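Before we start, here is the structure in question, set down as structure tokens.
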Amino acid sequence: MAGGLEIVEREEGGRAHSSEPEGVQLGASARLARFAAKVFLPAGYPASVSPVTGTERTEDYLRYQIFNALQAFCSALAGLISSRAILEGFGVGNANASATHALLLTVLQDSFSRLTTIAAAYLVGPLLSPEAKSFRLLADLANDAALLLDALSPRLAPTPALRTTALCLSGALRALCGVAAGGAKAALALHFASPPGSTGDVGDLNAKDGSKETVLALLGMLAGSLLVPHLTTPHTTLFVLLLLLSLHLLLNYAGLRGVVLRTLNRQRLALAWGLHRTGAPHTPARVAALERLLARPSALYDPYTHRAVGRCTLGSSLRAVLRGEGAAPLPAGLLGAMRAERYVLWFDRASLSFSPPPTPPAPATAPAPAQEAQAQLRPGAVHLHICLREGYTPADLLKAWVHAAEVALLLQQQQQRIDKGAAEVVLAAYRRLERVFPGFVEGLRGAGWDTTGVALLAGAPRTVIVSIGGKDLPDYEARKDV
């Protein structure tokens, strides 16, 4: 008691404390577990991480951290085996080896690594946050490939050019891993530190993750110090390394499968729409179970057949879409029906076959009005383009991508693409979208999705449509400098 008062307090993590003497004292193991939780888990855990998604409770942070710890341990062991192979290749233990040669080779490898870092950041930088799970797995694939090349480098010593190429490629892959893993881990950390209805601390979460990785790397090196001396033959070394790398990738895949992201990227939005249009639940957990970790970002998937029914390029140039051999003109009726939208949806020229308008009969008194050429769809998966208008918003991106997904799913159901006019399909999907899209957005919010910070457009579009008018293609679009 404190002055005759019983005081009960609760921590952010949910643990309650009372001023009354505790009847049961914590044992040494319980005190150690509590101390470890404070050292390695974010402050306020579990309330400060993302355990809740809509009406479903999904402890994705703890599950991911368990698998992440196991894969880091396997990676540390594999890295130690690879490091021994590199030292052997540099001539450690060989009296004829040259330190200068080893230094120059290291400089060459480091040069390739740094150049790859710059190129990778330029090429895939905008995709790292929207496709965080995919690039997290790709980073591990690149890292494991680099470890394998390092381990094989001593066997390539009789061919110096081949060994040098392998080491330079290894450095490039390791740099690619650094770029992809860094961006993907930042996006995942932001997800874990942003639970619905609460706010976590990204800095504290990253610091605690760094502490865990340090301990696991140390344990891996200690275990590797016991393991490596027993790997005395090349075949045994390669077998153990392949086993560790396979286990490393399997654990990474299992950990990422359990991450339930609430931000909408292109694949997740298309899957959510495919479920919604049939009345099925489209919660983040349900979509995460269907999501492909290694998928083309532009692909449109059917959630039931798990097949790609088409693909769509977001932020295309309308001039480029309408230009070139085989390109059909944009129907005026389509532009008129969608004049209120801040985007234009149309097919790639490879998905269309151009048919000229029918020749009108000879006029008796006055010439017949000009007729538009008809664009028919070819068999096969369609390729769509979304061209954005000036002043577009995240809500416009959301609607445009759902429109494209509806077109692809509608064509898959009809299975008669040659006989359908391209404009008719786009307009049919648009009319359905006008009826159900507001309810779909409300359903997304109710299911726990974040509809404000959509991660659909990677970077910025090279061009936006300023105005559409006339018949000259250069007047369709004005360039936007980004």
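Placed from the backbone N, Cα and C atoms, the Cβ positions cover glycine too.
Bear in mind that TrEMBL entries carry predicted annotations, made automatically and left uncurated.
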Tell me which range among 215-232, 395-412 TrEMBL lists as transmembrane segment.
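Within the set 215-232, 395-412, TrEMBL attaches transmembrane segment to 215-232.
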As a quick check of your reading of DSSP, tell me how many residues in the domain 'Root UVB sensitive protein C-terminal' (383-454) are helical, how many are strand and how many are coil.
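Helix, strand and coil residues of the domain 'Root UVB sensitive protein C-terminal' (383-454) number 47 helix, 9 strand, 16 coil.
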Are there residues at least 6 beyond the ends of the transmembrane segment (238-260) whose Cβ is under 8 Å from a Cβ of it, and what are they?
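Distant Cβ neighbours of the transmembrane segment (238-260) are 50, 53, 58, 60, 63-64, 66-68, 70-71, 74-75, 77-78, 81-82, 133, 136-137, 140-141, 144, 147-148, 151-152, 188, 191, 227, 231, 284-285, 288, 293.
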